[in-house]
Protein chains: 2
Amino acid sequence: MLAPPLQRLVTELSKLPGIGNRTAQRLAFHMLRTSEQDAFALAEAIRDVKLKISLCEICFNLAEGPRCAICLDERRDEGVICVVEEAADVIPIERTHEFRGRYHVLGGALSPIDGVEPEDLRLAQLYARVSGLREVVLATNPTTTGEATALHIAAALHERVPEVAVTRLASGLPVGGDLEYADEVTLGRAFSGRRAL
Amino acid sequence: MLAPPLQRLVTELSKLPGIGNRTAQRLAFHMLRTSEQDAFALAEAIRDVKLKISLCEICFNLAEGPRCAICLDERRDEGVICVVEEAADVIPIERTHEFRGRYHVLGGALSPIDGVEPEDLRLAQLYARVSGLREVVLATNPTTTGEATALHIAAALHERVPEVAVTRLASGLPVGGDLEYADEVTLGRAFSGRRAL
């Protein structure tokens, strides 16, 4: 029903996560209406991201070149490494401005059910970086797989470098949240992690 | 915080309708993970749609070439023209398989408040096509501007070609809808348009 080039665009857009056929069609029609300049800029940006972005050779964060901007930044604290599951997790942490150390991107979380075993994560590369550190912050997700990954790494680090502090992000009530609507696991964590005022 | 090529992609994606910064970021990270082949296919499809799609010289539907697939299709009924606001409106109508005539895409609806006057729509081109027709179906949207446009065109057609039947799509309760939740305008239309069984 659609002209073939338009149908191809709808098909390609539908492959994106969270974009169904209707949205793809709406976006494709938008492309038709928008300026050639804007459309070409988007096409070019998509190509560029594949051609120019690689993984940092130190921390596996996204980089334009061999090393990422954080590993290249000499003002960052080299004594602390924050371990995250995915490169996308670096962004919300950076946004807090609470952490000035370096990162290590694991590339996932342990999940034997999905066939993700320790050797599938960038653990050897992490262990090669930890000697001489003050602290390793385990910032894997507060999910079953994220917790399991954090426990696995903590045990390995305690064995290899017992002098390095291993910490985990606090779990508890989200700021601005409402006690009434908190799930019991989160509320339980908030209790067990309560702090003196 | 993001590597520049990634930031550029997020910026370009955020310009799309209904895509906020968060979704743009999620889509950009998806592009990083997806195969080069898929990403390049999308970039190419965006370019192609701008380079290869034009407006049909007869009905202003989208076309790959001077005429659209519907105007080129000789099995379509040449005696009926369905008038729609936008090229995107052709698709849902085609999907019903209820209409086998030709189309005319106005390029909008009359809206003096937004500065859309009769001369801004493709009305002259419509009037040039109507002699000898059996029927013109006015399928502008059931909105204030769509209704106004339909009334305007109906008056002009009655004057120019009084022998041509001018019809309007029925308004009423959506199939599968619930009377309890129908708004009063729709329900009112359903009443005034009630048919003998």
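For all residues, glycine too, the Cβ spot is worked out from N, Cα and C.
Residues or ranges marked as domain 'Toprim' by TrEMBL: B:79-174. Mean model confidence of the domain 'Toprim' (B:79-174) amounts to 93 (pLDDT, 0 to 100 scale).
For the zinc finger (B:56-71), the DSSP counts in helix, strand and coil order read 3 helix, 2 strand, 11 coil. The zinc finger annotation in TrEMBL covers B:56-71.
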Cβ-Cβ under 8 Å with the zinc finger (B:56-71): same-chain residues at least 6 beyond its ends: 81, 87, 90, 94, 102-107, 122, 125, 129
For the domain 'Toprim' (B:79-174), the number of residues DSSP places in helix, strand and coil: 38 helix, 19 strand, 39 coil
